[in-house]
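The Zn(2+) 1 binding site annotation in Swiss-Prot covers Cys60, Cys62, Cys75, Cys78, and the record cites sequence analysis as its basis. Here Swiss-Prot flags Asp535, Asp537, Asp539 as Mg(2+) binding site, drawing on sequence analysis. The feature Zn(2+) 2 binding site is assigned by Swiss-Prot to Cys891, Cys968, Cys975, Cys978.
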Amino acid sequence: MLDVNFFDELRIGLATAEDIRQWSYGEVKKPETINYRTLKPEKDGLFCEKIFGPTRDWECYCGKYKRVRFKGIICERCGVEVTRAKVRRERMGHIELAAPVTHIWYFKGVPSRLGYLLDLAPKDLEKIIYFAAYVITSVDEEMRHNELSTLEAEMMVERKAVEDQRDADLEARAQKLEADLAELEAEGAKADARRKVRDSGEREMRQIRDRAQRELDRLEDIWNTFTKLAPKQLIVDENLYRELVDRYGEYFTGAMGAESIQKLIENFDIDAEAEQLRDVIRNGKGQKKLRALKRLKVVAAFQQSGNSPMGMVLDAVPVIPPELRPMVQLDGGRFATSDLNDLYRRVINRNNRLKRLIDLGAPEIIVNNEKRMLQESVDALFDNGRRGRPVTGPGNRPLKSLSDLLKGKQGRFRQNLLGKRVDYSGRSVIVVGPQLKLHQCGLPKLMALELFKPFVMKRLVDLNHAQNIKSAKRMVERQRPQVWDVLEEVIAEHPVLLNRAPTLHRLGIQAFEPMLVEGKAIQLHPLVCEAFNADFDGDQMAVHLPLSAEAQAEARILMLSSNNILSPASGRPLAMPRLDMVTGLYYLTTEVEGDKGEYSPAAKDRPETGVYSSPAEAIMAADRGVLSVRAKIKVRLTQLRPPAEIEAELFGANGWQPGDAWMAETTLGRVLFNELLPVGYPFVNKQMHKKVQASIINDLAERYPMIVVAQTVDKLKDAGFYWATRSGVTVSMADVLVPPRKKEILDQYEERAEKVEKQFQRGALNHDERNEALVEIWKEATDEVGQALREHYPADNPIITIVDSGATGNFTQTRTLAGMKGLVTNPKGEFIPRPVKSSFREGLTVLEYFINTHGARKGLADTALRTADSGYLTRRLVDVSQDVIVREHDCETERGIVVELAERQPDGTLIRDPYIETSAYARTLGTDAVDEAGNVIVARGEDLGDPEIDALLAAGITSVKVRSVLTCTTGTGVCATCYGRSMATGKLVDIGEAVGIVAAQSIGEPGTQLTMRTFHQGGVGEDITGGLPRVQELFEARIPRGKAPIADVTGRVRLEDGERFYKITIVPDDGSEEVVYDKLSKRQRLRVFKHEDGSERVLSDGDHVEVGQQLMEGSADPHEVLRVQGPREVQIHLVREVQEVYRAQGVSIHDKHIEVIVRQMLRRVTIIDSGSTEFLPGSLIDRAEFEAENRRVVAEGGEPAAGRPVLMGITKASLATDSWLSAASFQETTRVLTDAAINCRSDKLNGLKENVIIGKLIPAGTGINRYRNIQVQPTEEARAAAYTIPSYEDQYYSPDFGQATGAAVPLDDYGYSDYR
């Protein structure tokens, strides 16, 4: 077998009959499989050992040779080669067909490649191939031309003969009629009898005339057909064809079936045809030109690839190796077999029957029928069901053909090549492990023993607990006591990977150091639940074991959970305290008025109380029970840094140093909280709402190394749980308080609602107005009940505490629980004007319960649909962007995009742009940012973090030019500088990072949170699509629902207001032609926008509009934006529109991820005029390739090609990729492979997918060449330092943050002999 690491590209082409015979190890002649008595393969059958190799290692069929020493000998009795049995997986056979057949992919695919090549309509092609019509394959024009006059004379003679015969017959009949009439006259018969005789006579004469005319017409038809006879002409009438052959057989040849197609292809001159088509394209117009373009694609493919089109008609069919279509015996003595064997058997049976019929010299009609059946059976083998009814097996199930084995989720590509099952893995239920450090997980003992079995066995032998591996294995299986000690030793420092399905983004797999735990559940650290989206209601997780040293190093350095605190989508920490931890920290940092031990200033009769000289003294007081942690006190601090303003005031320019004392007015709880933060972090004297905690951790992530952040969040977790248990926050029925004012509030709104009802009954309001009025009334009522609820609840109510701290839930839920549910929607998404007045505490009435179920059920159904849709969106995004990898450090481009940092107000103050987090943050600056005085605030090439952005805003800079992947000029992939900071690490992105996949995951992962519904926006006739459908619409570059026209030019508007439509005319400023937009529906309102005078109002007559401005409400069509404003604008438009959907759901994704996808959508150019290049007009070419080819042509003095940028949807863009392996494994497998084979496509293996498929390391991350062969030679210092890094034990998490390291260990004193 080939080793995958030794080839650089993979080519696919058409196999000719010669190729098939060369691959083959012998011909399969019989349809038999195995002998039912001996269960051994039949000779010459589908499992024959002589063709495919022996079924048992080193053993021939008859048993004459039975040892390795006979390797390579071919047995003279049975003809089987003595070799390994696994050759039955790779040796192929073939079937020699008695008549050629066409390959269904090339005849039946859309468009039909055979039809395009031969210029035949697919309908005609089908008639020829399936023996319904004859086709003329060649005509001897010269001979026909030379002998035409002779033949014409012969024809005239024949016609004359027919006419003479006719005239003679008529003459005779007329005479007979005369005689008969005379006879009747003589007999004196009645006029009636005479008329009868005359009529019958005339009728017979008419028949003679008709018969002769038919004969003449037939001769005329034959002659006309013959004179106009041309190759590729169809003759459906069999009698006509027979006549032609009888008369003029030597002047032409014709046939039916695949043989005729084969002959036509043989006579086909590809070069001449290509030249002729190019000529038509240059000079033709309309349909003719389009047809020629399509045909040229196929013809040029054969011309350039050097493929022979003969490969589309097969003389032999390959038989795949028997191990790939196995036959296994079931317990009942029956056999289960692959469907392919049935399909092959039908081919062989029909083929053998055809051979026999031909040998017997059977009539043509019988032979043709058999040939047609052979063609159909080969079709079924290649692609069952593509034409006609599929061949079915037992129970009417369509058999799986070769094509079916490749396509779809269960096909070869997606099932076995892109997703494989792996060894060294296990799965179990997860439970919470609050005692774990962030980088640890609890692994059940039994599972660990099974996973690490080989390691344990090896170590047992090393330590002399066992004599050999076999006894070590027995020890492990019997779980001897010494096994556990060895297991502890083996798993130390050996990380394992945990994965929770669905893995929506890269944080769905993280590495942890295992800790052995009792029981059978995996313990998971509470802070990584957010990233895994895990909870402990029965979720399961899978464990995988990295084996090699490299894999372990990667797991430890790149995947360890404490190195993955930041979200790759937004660059903000994911490992944050949640739920109980938030409640605990909130409780700890709350200040309660008048709590025990509160500070009181000195008075006449008493000294001041509640002042402490150190946190330790305060803690002692709390332990004695005289001080509450939530009481306000004064305390002298020396180890905690004061807040910035106090520091400036007290310590001046030098700043605070550890040990400097200052007095803080705060609570003991807040001091305890601040002691958890890193040394030197300014004191935070606030109540810790979840948002405040988040901003602190954000800040830590910006300023401190990851390791410090990891330790801090761990400490916060411990404190959070500790204080949550002491806060006594529980929920019971007694805590759900119903506001006493609820009844009177509802009564007054009832009265208002009754008034509206009365007006409706009187006819003062129509149905819609009544509904709107009622909805308004009850919305107000709900809000007021909520307000009353708020006031009624005491501050220490646990339910309110949970909501207020931001731990979970929101006030709406509290209102539903204790106040009233309010209005609910019907299945259409409209409010039902009857409110649910009860709260869940009181219980709903039957009617209320019923109307409430609508919304609840719709929500559940929505969620299910959304998950599937979102998963499919992610799959398409990954596919389109999978080969975007950081390829170089800097592409040196001068281009970039301008991002807004702030908006300047009229009074000169700056308002920070709300979207700065996702636009400017974490980018590389493209030009120096200079303030008004000309000082450089941030230099070009600097990374914009939070401090830099603050500096720019302080200097009054409102917008900067940054580098962006949209303007990156790297050929394949992007450069690190244009991409900027990697969101997940907070540093510049590494070369080799698969930023395309990260982008796809960042956009796809929140997909499940987006809504499914289309919003009905006031006044817009069409529904505005929102949520997931809108994101799909944008990425697929579809024309949006409720499409709004955009201004093609800058100019003044003339608005004409008709009955049902608007008509807008724009008079351009530059005096060019007016642009008219007709038939604009009034249901879609005119757009509101800022005018030149700064006012915001609806578009009206005489307004001035800029190019690209939207004229109506709705969404602009991205293709129009591209046409009117060019690629740069459409990129910005798409990014902005996608962000709007995500922001509406409160999801933060950085622009750069969306930009990566948009860049892939605009990678191609469609050729308008090919100039002197090889490109075909109308074809889609990669921009880089297009520019390179143009440069080459111009250098040689030719005409460059002209093209225009085109926007492709993500599905289309993934199918248009250069890699046929990647495209085939995505969708429409057979179509992609058909095309690739005709074009003799070569896959350069640049992307990730194609390398995964063939089993090479992917060219990203550590698989990239520059990282592959790294030799590590430690320096002396490193050797010394290697032993000073403390292990991940408790002292590492000591309060001094491990800044002190031990001294270097003198290694020379240690003996490195075996442990024994």
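Using N, Cα and C of the backbone, Cβ positions are placed for all residues, glycine too.
Around Cys60 (Zn(2+) 1 binding site), the same-chain residues at least 6 positions away in sequence with a Cβ under 8 Å from its Cβ are Glu49, Pro54, Lys66, Cys75, Arg77, Cys78, Val80, Glu81, Val82. DSSP classifies Asp537 (Mg(2+) binding site) as coil under the three-state reduction. Same-chain neighbours of the Zn(2+) 2 site beyond Cys891, Cys968, Cys975, Cys978, judged by a C-beta within 8 angstroms of the site's C-beta center, are, in sequence order, Glu888, Asp890, Thr893, Arg963, Val965, Thr967, Thr969, Thr970, Val974, Ala976, Thr977, Tyr979. Separation of the C-alpha atoms of Cys968 (Zn(2+) 2 binding site) and Asp535 (Mg(2+) binding site): 41 Å, rounded to the nearest whole number. Among the listed binding-site residues, namely Asp535, Asp537, Asp539, the Cβ with the most fellow Cβ atoms inside 10 Å is that of Asp539. Counting only the Cα atoms, the space from Cys62 (Zn(2+) 1 binding site) to Cys975 (Zn(2+) 2 binding site) is about 65 angstrom.
Each of the binding-site residues Cys62, Cys75, Cys78, Cys968, Cys978 was scored by how many other Cβ atoms lie within 10 Å of its Cβ, and the smallest score goes to Cys62.
Each of the binding-site residues Cys891, Cys975 was scored by the other Cβ atoms within 10 Å of its Cβ; the lowest score goes to Cys891. With respect to their backbone Cα atoms, Asp539 (Mg(2+) binding site) and Cys978 (Zn(2+) 2 binding site) stand 40 Å from each other. Separation of the C-alpha atoms of Cys975 (Zn(2+) 2 binding site) and Asp535 (Mg(2+) binding site): 39 Å, rounded to the nearest whole number. DSSP gives Cys975 (Zn(2+) 2 binding site) a strand state. Spacing of Asp535 (Mg(2+) binding site) relative to Cys978 (Zn(2+) 2 binding site) is 38 Å (Cα to Cα, whole number).
Spacing of Cys891 (Zn(2+) 2 binding site) relative to Asp537 (Mg(2+) binding site) is 50 Å (Cα to Cα, whole number).
Looking at Asp537 (Mg(2+) binding site) and Cys978 (Zn(2+) 2 binding site), their Cα atoms lie 43 Å from each other.
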